[in-house]
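Feature list (source: TrEMBL):
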- 503-623: domain 'STAS' (DOMAIN)
- 71-87: transmembrane segment (TRANSMEM)
- 99-118: transmembrane segment (TRANSMEM)
- 124-141: transmembrane segment (TRANSMEM)
- 153-176: transmembrane segment (TRANSMEM)
- 182-201: transmembrane segment (TRANSMEM)
- 237-255: transmembrane segment (TRANSMEM)
- 261-282: transmembrane segment (TRANSMEM)
- 321-342: transmembrane segment (TRANSMEM)
- 354-373: transmembrane segment (TRANSMEM)
- 385-407: transmembrane segment (TRANSMEM)
- 413-433: transmembrane segment (TRANSMEM)
């Protein structure tokens, strides 16, 4: 019997058939352009379209024409504040990457200028980050020693930054930000926590004044090195470091208790550097085992384009460092930018951010900078300081330029123990115990992914920890595909709604009719499971305490977004199997993509249009009609 006789006003549309070009274009738009970035060009013509395009691709042209002195006052204060943080962080993280400290200062001059032009975030502050600095040191240090051949090591660092820039730009232009999505929140939480632990332990070298240390980054080797070199421990360095660390932690505590005093915490690292430098100069710290940074020469970034090294012998190491750090930098920078944008009810374009990060790392690699992104600490300070636009990055770049031209030599006496305490204090905030506990309470598998990254980074290596965590996350995604959610539907009393009977126990079953809902694409990976699960539903229905003979099986495909040829053959197989048992099967509300494939494969012709319905209510009415007809016939 045709379903249209049951309810002629509700018809399933079999006539809509799109061409391959239309289907392919639709899928590409949804995959690559889910945010419909070109919607703003639709109503523009001529010069207006060119102007809109320029503002879209180069965001500075969007906000700069509206810029005024009132906004600049806020950005000036924020820029000066983050400059004071960028100086000690730049020197500290450069030492963490085993490169000259001046490179850390260079990296806060050119990249922020590039980001101010192409970046879409108003609050993101550009700079170096500890995790990527350590990962660069680990990846390239395995191939070339920073102590034995510092020039080649630095060349490879610049090359890795160049590869990172190309990689990030390509992802943005091709709109492949989906790759960043594979670094889940759980993975990032665990990775950052594990990185913070090993970075803190590595800073014991500077904290205790040790001169000989391991190049390994895992907890076991670092602790072995610390206790093996007990004869090199210097109590003077440890005492000074303890004082600095207590001071820094106190300022962080003060900022949490009184958010308006954020500037105290922001200025604290610079104060530690200045006080430590004065102490080392007047007390002749080097004679007492307190090592200092050493000479920092004046001048702006020299070009490093001639230092890029693509020798096949070292290319695997630079590729590994560039791609892995580039992906982590994107995930961290975009996540941080979005977090602060949400606080202001704003949005940022992830693909624009990828292009901006890529451009600034390409430009940075050619001007003696290493990898930069949007660090959380500096961005938080920038946000709390009241920045209004990306002009705060320009102010920071100008401030850094003045430091490089005039003040750089003054930081030559900065004690390494001061830099170690600055890094340790910053890392303490990255071990997010509360978030890990939250993951444990909400989702045990997410917690497992988090701990895989944390323990892998801490006890094996950073790259293996990341691979292990991402692998578990992908395994979970595959399990969702291979074992899709299925449920039996029942009717909610006094309504036309059909819902999961396990979630709504009061929902009513229809005798003789089994309504099942499939909640994922039907692919080759889950076809066997779906077939066996449907048969098990039938066995459970017929063999349970309230057993009834199943005469109709209705499959609600509302949640099935796609189907492949194996899935189509599986539906036909289920149809044949049930038909031999005298059970009729019907399909409810297949989506457009699914219905098109079912039609092209001639499934609809074999299955019958009369067995495909628009809604559950129509399908049940048709089933009940047949049940009554069969009963009256008997």
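Each Cβ is built from the backbone N, Cα and C atoms, and glycine gets one as well.
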Does the transmembrane segment (71-87) come near the transmembrane segment (321-342), with 3+ Cβ pairs under 8 Å (pairs 6 or more apart)? no
How about the transmembrane segment (321-342) and the transmembrane segment (99-118): do they have 3 or more C-beta pairs under 8 A, pairs 6 or more apart in sequence? no
Do the transmembrane segment (385-407) and the transmembrane segment (124-141) come together with 3 or more C-beta pairs under 8 Å, pairs six or more apart in sequence? yes
Within the same chain, the residues 6 or more beyond the ends of the transmembrane segment (99-118) and with Cβ under 8 Å of it are 58-60, 83, 86-87, 89-93, 124-128, 146, 150, 153-154, 157, 293-294, 296-297, 300-301, 352, 355-357, 359-361, 363-364, 367-370, 372, 390-391, 393-394, 396-397, 400-401, 403-404, 408, 411
Examine the transmembrane segment (124-141) against the transmembrane segment (354-373) and state whether at least 3 Cβ pairs sit under 8 A, considering only residue pairs 6 or more apart. yes
Cβ-Cβ under 8 Å with the transmembrane segment (237-255): same-chain residues at least 6 beyond its ends: 206-209, 261-262, 264-265, 268-269, 272, 276, 279, 289-291, 415, 417-418, 420-422, 424-425, 428-429
In the same chain, who gets a Cβ under 8 Å from the transmembrane segment (182-201) while lying at least 6 residues past its ends? 96, 130-131, 134, 217-219, 222-223, 226, 327-328, 331-332, 335, 423-424, 427-428, 430-432, 435-436, 439, 446-447, 449-458, 462, 465-466, 469-470, 473-474
Take a look at 153-176, 261-282, 413-433 and tell me which one has the most Cβ pairs under 8 Å to the transmembrane segment (354-373). 153-176
For the domain 'STAS' (503-623), provide the mean pLDDT of the predicted model. 87
Tally of DSSP helical, extended and coil residues in the domain 'STAS' (503-623): 58 helix, 21 strand, 42 coil
